[in-house]
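So the structure is just underneath, and the comments pick up after that.
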C-alpha cells in the first residue's frame with residue numbers, strides 16, 4: 001500500500017496488518033510458557049505447544065478410522081480406536097459377522113437323514129450328492145418308471161436279482177379232494193374264522209379251471225370205481241338176502257317143531273331151553289342179515305347216484321366245452337383206454353359185471369344214454385313243486401335234528417336218551433325223504449354242486465352247480481330263504497377268471513372279469529372255514545392265483561381299479577385276508593394282510609412259472625407278484641420280455657418254407673439257410689449263376705444247367721475214350737478206345753503189314769510176318785543179303801579156327 005512518509009507512523013499504528021500481527025506475536029511471546037488446558041482432553045500443556053499437542057498428541061483428536069481404506073467413513077478420537085474397532089467400526093462389524101458366519105459354516109453338524117457328521121457349508125451338497133438317504137429317481141425314469149426312493153434302497157428297486165424268484169400258483173388237484181383250512185379245527189382256542197362273515201363283505205378269486213378233457217377223464221375214472229362198489233355190494237346184498245331167507249325158513253321150521261307133542265317118538269321135539277336158545281340165535285342172525293341188506297342197499301343207491309351225477313356232468317362238459325371233433329375223438333379213445341386198463345387191473349369187476357354192461361364202460365355217450373333211458377315222469381309241474389317243497393321242509397327238519405344231536409353234552413346224564421331220540425327222529429325223516437325223492441340218498445339231496453371254492457358248516461360258494469354248471473351260493477337247509485341261489489354265470493376254461501362276490505346288507509352281486517353279471521336279493525354270509533371243500537370229489541379243481549377277502553361291499557369301479565394291481569396292505573384298512581400263494585413250497589400259506597393265522601393245505605400242489613411250458617399255458621399272471629411291489633416296473637417289463645424271448649427261442653415251430661419239419665425257433669434261421677430242403681441255393685457251376693431250391697438241384701443240374709451238362713458231356717467223352725473195348729481186328733486184346741487207331745495201325749497182331757523187302761511188296765498179317773520172311777518172301781535183295789551174311793559167318797568161323805590153331809601151336 002502506498003502513502004506519504006509522514007503518514008507512515010499513523011498507518012502502522014492503526015491500519016497496517018503486518019504491524020498488528022507483529023504486535024500480537026510480541027504479546028503472545030510473553031505468554032508462550034504459560035500452561036493452558038486442552039479443550040479436548042483437558043490436559044495441561046504449555047501454551048506454545050497447545051497446537052502441536054492438539055495436532056499430534058491429544059488422544060481426543062479425531063482422525064479417520066484405520067479401516068477407512070476398507071470403507072469405514074467415521075472420524076474417531078485417536079484414543080478410542082480400539083474401542084471403535086471392537087464395537088462401532090462397520091468394517092470390523094461386517095468382518096466379524098463374516099468370520100462368525102464362516103465359523104458357523106465350518107462347524108460340524110450331523111445329517112438328520114443318514115447321521116453322518118459333515119461341515120455345515122457342505123450339508124447342501126451332501127444332501128444333493130452324497131447322502132445315502134437322499135431321495136432320487138429310478139435309473140429307468142427316462143423309460144417310464146415314476147418311482148422316487150432313497151439312494152440306499154435303489155438296489156432293492158433296480159436290481160434284477162430281486163426278480164429272480166419265479167411266480168407260483170397253487171393247484172387244487174383233479175378229483176375234488178384238495179382244500180385249504182383257514183380255521184384250525186384242532187386248536188382248543190376259539191378261532192376268529194369259526195363264524196362266517198356277515199355282510200358287508202367282498203370275496204375275490206383269481207382261478208383257472210381244470211381242462212375239460214382232464215375233468216371228464218377224472219369223472220369217468222371215479223364212475224368206474226363206483227361201478228365196482230355197485231357190483232361188489234350187489235353180490236353182498238344177494239348173500240345177505242339169501243341169509244335172510246334162510247333165517248325165515250329156519251323160523252318156520254322152529255315154529256313147526258314147537259307145535260309137536262311131547263310124546264312124539266321121532267325125537268325132533270325141542271325142550272323150552274333149547275327152543276329159547278335157538279330162537280335167540282336165529283333172531284341175531286336175522287338182525288345181522290337185515291342190517292347187511294340195509295347197508296348194502298344204501299351203498300348201492302349212493303354209488304349209483306354218484307355215477308349218474310358224474311356221468312351227466314361229464315356229458316355236459318363234453319357238449320359245452322369240447323367243440324372240436326378231433327378232440328372229441330381223441331377223448332373217446334382215452335376213455336376207452338382208461339376203461340380197458342381198469343378192467344385189466346380189477347378182475348373182480350370183470351367177473352361180476354355182464355359183458356353187455358362192460359361194453360358200456362368205455363363209451364361215455366352210450367353209458368349216459370343207458371342211465372337216462374328210463375321212462376319220463378308224467379308228474380305235473382304243480383306236483384313236482386309240491387314234492388320239492390316237502391323235500392326242502394324235510395331237509396330243514398333233518399338239519400335241525402342233526403344240529404341238536406351235535407350240540408349234546410357228552411357229560412350230561414340225559415345225553416344217551418336224547419341221542420337215541422334224535423337218531424329215531426332222523427331215521428323217520430330219512431324214511432319220508434326216501435318216499436318223496438324216490439329213494440335218493442340224503443347225502444345226494446344235500447350236495448352243493450362242484451368246484452366249491454369256499455365252504456363252511458353252513459354256507460358254500462360253488463363255481464359249477466345246476467344243470468348248466470353256473471355259479472351258485474348254498475345256504476343251510478334250515479334257513480328261511482332258498483337253500484340254493486343260482487346266479488346264471490358260467491366260467492370259461494383255458495383262461496384266468498376273476499370272480500368277485502360283493503355282498504351288501506340285502507343283496508349279493510357277482511362280477512366276472514370286472515363286469516357285473518348278476519344280482520340276487522337276500523342275506524348271505526361269507527364262508528370262512530375253508531378254501532375248497534372237505535367233502536369228497538366236490539372241491540375246486542384247477543389253479544388259484546390269489547384270494548382277497550374284504551370287510552366292505554366293493555363297487556365295480558374299485559374292483560376294476562385294483563384287480564390287476566398289488567394291494568398296499570397298510571392303506572387297505574378293510575382288507576381281511578390276502579393270499580397270494582407265492583410260497584412255492586410247503587404245506588402252509590400266509591395271509592399277506594397279517595390278520596389271519598397261517599393256513600394248512602391238504603391235497604394241493606405248487607406250480608412255478610419256471611418253465612416255458614407253464615408260462616405258455618397260463619400266460620402272464622393277471623396280478624403282479626407281491627414280492628415285486630418295490631421293484632422297478634421297467635425291470636419287470638424287461639424280465640417279462642426276456643422270458644418271452646427265451647420261451648420263443650425254445651418254441652417248436654413249423655418251417656416257413658413248408659418242408660414239413662418242426663424245429664426250435666432259435667434254430668429256425670439256420671434251418672432256413674442251411675438245412676431246409678426247400679432253401680434257395682446258387683448253382684455251383686462256374687458261370688451258371690442260377691438260383692433254385694435245393695430240393696430241385698438234381699433237376700436243375702440234369703436239365704437246365706448248360707455248364708453242368710457240358711461238363712457231364714466232357715466227362716462222358718473222357719470215360720468213353722478210356723473205355724476198354726475189344727479190338728476190331730479180333731486180336732483178343734482189350735484196348736482203350738482212344739488207342740484203338742494206334743493199336744490197329746502199329747500193335748495189333750492181326751493188322752496188315754507190307755513185307756519189309758521192297759522188291760517183294762506182298763501184304764500180309766503181322767502175326768505171320770516171320771513165317772513169310774522165312775518161307776514165302778521172294779525178294780532177291782533178301783537172298784543176296786542172306787548169302788552175304790552166310791559168307792561173313794563162314795569167314796568169321798574160319799578166322800576163329802585159325803586163331804585157335806595158332807594158340808595151340810604156341811603151346
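The first residue you see is number 1, and the count goes up from there.
Cβ coordinates come from backbone N, Cα and C, glycine included.
Matching 373-393, 394-414, 415-435 against TrEMBL, the residues noted as region 'Disordered' span 373-393. According to TrEMBL, the feature region 'Disordered' maps to residues 253-276, out of the candidate ranges 205-228, 229-252, 253-276, 277-300. Segment annotation: TrEMBL labels zinc finger over residues 108-149 (candidates 108-149, 150-191). Remote same-chain residues near the domain 'TRAF-type' (38-77) are listed as 31-32, 84-85, 88-92 (criterion: CB distance under 8 Å, separation of at least six residues from the stretch ends). Broken down by DSSP into helix, strand and coil, the region 'Disordered' (784-811) contains 27 helix, 0 strand, 1 coil. Mean pLDDT for the domain 'TRAF-type' (108-149) in the predicted structure: 89.
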